[in-house]
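*Asks:* According to Swiss-Prot, the GTP binding site annotation covers Asp24, His25, Gly26, Lys27, Ser28, Thr29, Asn141, Lys142, Ile143, Asp144. Summarising the annotation, Swiss-Prot assigns domain 'tr-type G' to 12-194.
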Amino acid sequence: MTDKEKRLERQSRIRNFSIIAHIDHGKSTLADRILEKTAAITQREMKEQLLDSMDLERERGITIKLNSVQLKYKAKDGEEYIMHLIDTPGHVDFTYEVSRSLAACEGAILVVDAAQGIEAQTLANVYLALDNNLEILPIINKIDLPSAEPERVRGEIEDVIGLDASEAVLTSAKAGIGIEDILEQIVEKVPAPAGDPEAPLQALIFDSLYDAYRGVIAYIRIVEGTVKPGQKIKMMATGKEFEVLEVGVFTPKAMPTDELTVGDVGYLTAAIKNVGDTRVGDTITSAVNPAQEALPGYRKLNPMVYCGLYPIDTAKYNDLREALEKLELNDSSLQYEAETSQALGFGFRCGFLGMLHMEIIQERIEREFKIDLITTAPSVIYDVYMTDGEKIVVDNPSNLPDPQKIERIEEPYVKATMMVPNDYVGSVMELCQGKRGHFIDMQYLDANRVSIVYEIPLAEIVYEFFDQLKSNTKGYASFDYELIGYRPSTLVKMDIMLNGEKIDALSFIVHRDYAYERGKIIVDKLKELIPRQHFEVPIQAAIGQKIVARSTIKAMRKNVLAKCYGGDISRKRKLLEKQKEGKKRMKQVGSVEVPQEAFMAVLKMDDSTPKK
């Protein structure tokens, strides 16, 4: 057999697939079982959620990053198949990670919980898979639960998604039932990768990782051609050239190999020092014999939510910059730029995909880089049209121009799809109305579950929406959203003033109708959170020059009359007047420290949904 024939023969036995599911429907457990079944890992190494390698993922029990692993499986037809399993996150903020892993596969296993049925995210991920023309294999998991209703769920898959579920494997990943059937279905139904191992190299970078010793490690999927150590490669987006040092696959550990060819999913190192040189979604090609065009990459994802991150210890500003650079390498959807605030000093304005993403980045910086952070209230991106015809983009409330110069402000709207049990439809609709939502559609999926669609401003979803939705439905609702564009709204900027000074980090943009109530809530919250000073501190919420709410932190005062035994009123009055003078002087020079909780209070306005 020639080299080419060997490669083609091997290629016909490659199967690339990923697992998609709603949060908690059991995809990481299923991945564990598949690893066990194909003996990729020994019993000793087995731990729950093996592919979730970040501590944070294991603690929260969610998958954040995608992971890939190569497995060998001896099928019933006697052939040994090479499978690449790419584990994906299920949470709405990480849809991007999902779309990246799907671009590297030919098939997807769709895991549906036998008790809960189809959830909002299941649908979102299925549509992503269909966009990538993947072969989808439905699987009904958790059939060992007492509340499992596999037949109902089978019907649901057919009705709601329109997939043929007659051959859907009934499994229990926890008990290890039905795992072999899944592997056989993958062999039978998922197509082998197409491509020519002799063609010019085209490899898709679907993730990258920074290693202090080896520089950047790119995770790649070979679409055409072959790559070996010593070969000169070129990045198509940046035009930079490198020499390959090592290629290999993950079994979950990194294992160097002689070459990677069509259909392989593995990694490549090439002494790439600069993070910006390996863009996720870029195509790697050979420098000597380059491909004509790049692979259709991923869409560059735009952040939905922005917030300021400031180090509590200002000396750590450079450490924070390095931390963000390293995180950005693994997380192509994180964006940041330097900014300064009068209240908080130097920091960064960062863009995130959503609230969970924001929390996780914060937590990773605090854990992995040991930097304590202050975060400002998250805000979305507004399009501001000026009276002179100019359009500016505002992601930070303190940059909003003077109201006299603004013609209109447009804010992003999302289409939110919620799947809720029947009994909670009323409270969910009330929640959405309170969040300025427009009702679009409602469909009964079966006797117990309803899909509700609303159009809601993104700014309203950013604050606590998911938590409130969960608490209104006892945790049963699932939720997914997509951006549908910008619409004009009557929005105003609210400033918070302490002792007559604006605190820029506490400013936020709010709908005019809700401004008074939001202002009142924040002022009252700050009154509880800011410690009492030796002088009186007024807290005011203002729109432009107009004060809409005020609260006062009373001064702490010593009892100056304690020493005064005599009852002489003039003596007492003199002491009190003297104290008053002193307080007045302190007030002029005194500055007020704002604790971190106060910044968070602006975010957590849970009771702030005005009842209309």
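Cβ atoms here come from the backbone N, Cα and C positions, even for glycine.
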*Asks:* Reduce the DSSP letter at Asn141 (GTP binding site) to three states and note it down.
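*Replies:* Reduced to three states, the DSSP call for Asn141 (GTP binding site) is strand.
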*Asks:* Out of Ser28, Asn141, which of the binding-site residues is least crowded by other Cβ atoms within 10 Å?
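*Replies:* It is Ser28 that, of the binding-site residues Ser28, Asn141, has the fewest other Cβ atoms within 10 Å.
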*Asks:* With an 8 Å cut-off on Cβ-Cβ distance and a minimum sequence separation of at least 6, pull the same-chain contacts of Gly26 (GTP binding site), or say none.
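*Replies:* The answer is Val111, Asp113, Asn141, Lys142, Ala173, Lys174.
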*Asks:* Using a Cβ-Cβ cut-off under 8 angstroms and a sequence gap of six or more, which residues of the chain neighbour Ile143 (GTP binding site)?
*Replies:* Ala114, Pro150, Leu170, Thr171, Ser172, Ile177, Gly178
*Asks:* Would you mind pulling the DSSP three-state label for Gly26 (GTP binding site)?
*Replies:* coil
